[in-house]
Amino acid sequence: MSQSALIKRILIVGGGTAGWMTAAAMGKLLAPLKIDVTLLESDQIGTVGVGEATLPHIRFFNRRLGIDEADFMAQTAATFKLGIEFRDWARKGDAYIHPFGDYGRDIKGVPFHHYWLRLRQRGRAWRIGEFSAPVMISEFGRFAMPVEDERSVMSSFSYAYQFDAGLYAKYLRRFAEACGVRRIEGKITTVIQRGEDGFIEAVKTEDGRRVEADLFVDCSGFRGLLIEQTLKAGFEDWSAVLPCDRAVAVPCENAAPSLPYTRATARGAGWQWRIPLQHRVGNGYVYCSEHVSDDEAAQTLMASLEGRPRAEPNFLRFRAGKRRRQWVKNCVSIGLSSGFLEPLESTSIYLIQASVTKLLELFPDRDFRACDIDEFNRAMDLEYERIRDFLILHYHATERDDTPFWDYVRTMKIPDSLAYKMTLFRKRGVVVKYKDGLFLHPSWIAVYLGQRVMPDMYDPRAEFIAEDELEKTLSAMRNLIRKTAESLPDHSDFIRRYCPAPGTV
Amino acid sequence: MPNQSHGETRNIVIIGDGFDAWLSAAYLTRKLRAGYDIVVCAPPREEMQDHCAVFAGPATSSLHAELAVDERDLLRYCRGTFSLGAHFLDWTKPGKDYVVAFGAYGAPIETIAFHQCWRKRQRIVKGGDRFDSYSLSATAARAGKFAHPSRDPADIRSTYRYGYHVDVELYTDYMRRYAMHYGAKKAGARYANALLKERREGIDAVRLADGEIIPAFLALDCASAAAPLIEGALGATWTSFPSPGAVDSVITFAASSVASPSMTRIVAAKTCWRMDIPFQDGARCMIGYDSRAVSLDALAREHGPLENLEAKRIVRGRRAPAIGNVAALGESACRLDPLFCPAPATLIAGLKTLVELLPASQSGAETDEYNRIMSDVFERCNDFVTLQYWLAEQLGQHAWAAGAEKALSPHLRRKIEQFRSRGQIVQFDEEIYDQEMWIASLLGAGVNPERYDPFADGLSETMLDARLAALREKIAETVRAMPDQMIYLRQARATAPERSGS
Ligand SMILES: Cc1cc2nc3c(=O)[nH]c(=O)nc-3n(C[C@H](O)[C@H](O)[C@H](O)COP(=O)(O)OP(=O)(O)OC[C@H]3O[C@@H](n4cnc5c(N)ncnc54)[C@H](O)[C@@H]3O)c2cc1C
């Protein structure tokens, strides 16, 4: 940097998933710059510890850090994840999988789903999921690694992991410490700001220690100890469009071999997750406290467990929204301290990764220039807003009117940035494209169609193929995908061979 | 179901007779096969072509590939050449030059962007090599060479793309023949007026001068500045872009050939900028100047005899890209400063967006989305051209560029600020020019970021030196083995017969 005012010390406040992911990335990637990275956490306070389902991006994170996949999966009792199954969302009895992969193939430059729509209008009742390799592989409970050869249907998807959050934190901690990150145990009681500009100078712990740094990363969870309590970044509240504000979580025993996908089942006042791991299943009910009490929610959850509970139900409270500024002065918030979007599409860990990556890209020096901070905040705002809209779609595009909760989300006013996207899809089957932002074309198609947002028409260019030729092409695609999926090994067998967790075999 | 029934054809009526109209007709005829008739109607009055030559980038070559246009045939017909980029001379400092090329500048070193590594090394060796010596296309362009890129990603010759230099009239003529060969029709008479839909939400049909009425599913206003449909019939209003400097007029004329046929030459002179677009036999020159500060006579003294020249005023601004089922494409929608010739790329972006959003649902949803995308396209393209003026103003202190700073859009301001600060390019949703072209412009001009990526400090200096030297050598060697463009064209039988009498 001008290259003198380089940051020398970083303090990461918090040792949850956000803290340790940040520590691992910084420990590894900042090593050549000889920056001192310290993490401070309080055993007294503890972590949220529920984030267990991820998105495929985490593989790039791991690769960048040089993490060995099989070892990582074994140590976190992880399973593979090919998508999320949504049950009972548009109507009770509905089910669809939002896969990490493409539907069919474009034909003559026109996206596949238009051809599918055309045949559907002619009465062909094929499900769109039958043209997705990861959907079919999920339905059969199989798994194999995708390949690179673009001619193969096995190149059409990606995958993520479902892991034990507690084991993941431990794994990252070992990794980060091996990279030279120092860990301090202690509870912060005071934050000391510099008189002249309000920058954070140091934090003080209960037992009287003072820890200084140039850059503070606030990973303190919902409380936002530095970013909010000290620096007053402000919170943009999105609960009007994402009204769920509580969750109750409980792990239970595995009743069946683990499946390569997460499940999200709509309930009367929210939805319930099911995340299969090697040694147990994670469950939780995310709900809106205005419409259901904690006791009722816990009852609903406990009554639907497939195996014996392995812990007491754990209650959590939150509010959808984000910090108005995620980076203020010399403090960057990462993880729950930066905002919260419910785990419907497993986006939180992705957001942690995006923040860390962006921070390294815009890595500041000790002058903390406004332009670095602005650009970080602009980029993260865009990430948050685009995910928010995608989540709202799941709730809003529904026909359910069986509870006041569903009546509310079905009829609420949604952001214009989502409304025009839905209109274009509904009228014309076109998915709006954007450059930065998490969910791409196939994700929008999966959720639109899964939520019964059925286009009035398909792209007129999809007419350029004769109908019988189109039937043949699609039918061949469908058969190939089904045959390929069926031929793969069982997901749980694959795991047993590839990455068995200690004690599971 | 609202999708059309089989057998019914729909007319796409294109008003215009120039570059915009015929390239649109060519593209749409091929992309919308069965079910659409493309009818081209000449505008009410003959239009003046605005540019006399086109310097087109990779968007055009990929469009040609999509249309399976035979490039050799095209270049033979247009006496054109392949383009690898633009050569800026004296733009920021007398004697300083750089190439903004189509293609990669170096390759990341251990995941660190190449230009960041280069900046680090610059700090150490205090100047030295040119940034464009790490670009194969820039180096080949300087040497007047050309060969088609390789398809093998492992081959360094896969790291560039190309465009063309063509004469507009010949190119238009070529596209007219192409379009008509594939079924576009020319209307029997000129466009007279339009039959509007209720509340002017588009049109039902156009009426020709001879009274014939052609129903229109979709109508394109490709009639340049006159905009008889989008403005004349539908009343789209004009919004000006702020002028990026004092240049208000252009003249164009034939010039003798420039040093390299593989790049457009853009020179900053005291009283004007001058852009020479090379053909197989000579070049087309355009001069942009401030008519209040310099007379044509004075320009003639400096640039050779400029007889019978008519100066044209530069107009910069835009209209609504589409209203209902009427879209404006090319100059009728957006007029950008002619520097760097941004027109073909915006036209092509419009065409590609349009075929994805044919207004088939009659709901207006496609039009809204088209307008959203194209407005961004226009703004981002205008940013790129404005940047070139800004560089001329800030670094070259050219009087004709004075005021560019005031014309920066907030997006461009952010781009420049981020680049100055740490050499990163912020890209927004609808960018036409890729990161490399922004970086090549800024670094080439000598805007040196205050900082480079701190991770570049993790790379050892000897390793960096060795890697950079090896890359330079590899590029030089590859370029040595490439043919001169004129020889390449001759071997490909893409050269035009000698002009009679010349
Ligand atoms: C119900 C629910 C389900 C979720 N499911 C998913 C999912 O499936 N996928 C996904 O990606 N994400 C999910 N998430 C989000 C995910 O759990 C979080 O993003 C992730 O755990 C990161 O949390 P964190 O590290 O920011 O905060 P926390 O885990 O809360 O950690 C905070 C840390 O700060 C420390 N701390 C706080 N105050 C002090 C103090 N005063 N002094 C010292 N230390 C202090 C604590 O000791 C702790 O170490 C879910 C979240 C919830 C609420």
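Quick reminder: no glycine exception, Cβ is built from N, Cα and C everywhere.
All annotation found in TrEMBL is predicted automatically rather than curated by experts.
What you see is a predicted model, and the numbers here were worked out from it, not measured in a lab.
Taken from TrEMBL, the feature FAD binding site applies to A:Gly15, A:Gly16, A:Thr17, A:Ala18, A:Leu336, A:Ile349. The 7-chloro-L-tryptophan binding site feature in TrEMBL is assigned to A:Lys81. The active site annotation in TrEMBL covers A:Lys81. Residues annotated as L-tryptophan binding site in TrEMBL: A:Glu345.
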Could you measure between A:Lys81 (7-chloro-L-tryptophan binding site) and A:Thr17 (FAD binding site) for me? Cα positions, answer in whole angstrom.
19
Which number gives the other C-beta atoms within 10 angstroms of the C-beta of A:Lys81 (7-chloro-L-tryptophan binding site), all protein chains shown included?
28
Taking all protein chains shown into account, the Cβ-based neighbour count within 10 Å for the residue listed as 'L-tryptophan binding site' is 23
Cβ density check for A:Gly15 (FAD binding site), other Cβ within 10 Å (all protein chains) comes to 26
Distance between A:Thr17 (FAD binding site) and A:Glu345 (L-tryptophan binding site) at the Cα atoms, whole Å?
17
For A:Ala18 (FAD binding site), the number of neighbouring Cβ atoms whose distance to its own Cβ is within 10 Å equals 31
Which number gives the other C-beta atoms within 10 angstroms of the C-beta of A:Thr17 (FAD binding site), all protein chains shown included?
26
For a Cβ distance below 6 Å to any atom of ligand 1, name the binding-site residues from A:Gly15, A:Lys81, A:Leu336, A:Glu345 that qualify, or say none.
A:Gly15, A:Leu336
Rounded to a whole number, how many Å is the Cα of A:Gly16 (FAD binding site) away from the Cα of A:Glu345 (L-tryptophan binding site)?
20
Given the residue listed as 'L-tryptophan binding site' and A:Leu336 (FAD binding site), what distance in Å do their CA atoms have, once rounded to a whole number?
16
For FAD, residues beyond A:Gly15, A:Gly16, A:Thr17, A:Ala18, A:Leu336, A:Ile349 with C-beta within 8 angstroms of the site's Cβ centre include exactly A:Gly14, A:Gly19, A:Trp20, A:Met21, A:Thr47, A:Val48, A:Gly51, A:Ala169, A:Cys219, A:Gly221, A:Gly335, A:Ile352
Secondary structure at A:Gly16 (FAD binding site) (DSSP, helix/strand/coil)?
coil
Under 8 Å Cβ-Cβ from A:Leu336 (FAD binding site), six or more apart in the same chain: what's there?
A:Gly16, A:Ala18, A:Val48, A:Gly221, A:Phe222, A:Phe318, A:Ser348
Residues A:Gly15, A:Gly16, A:Thr17, A:Ala18, A:Leu336, A:Ile349 [recorded FAD binders]: greatest CA to CA distance in Å
14
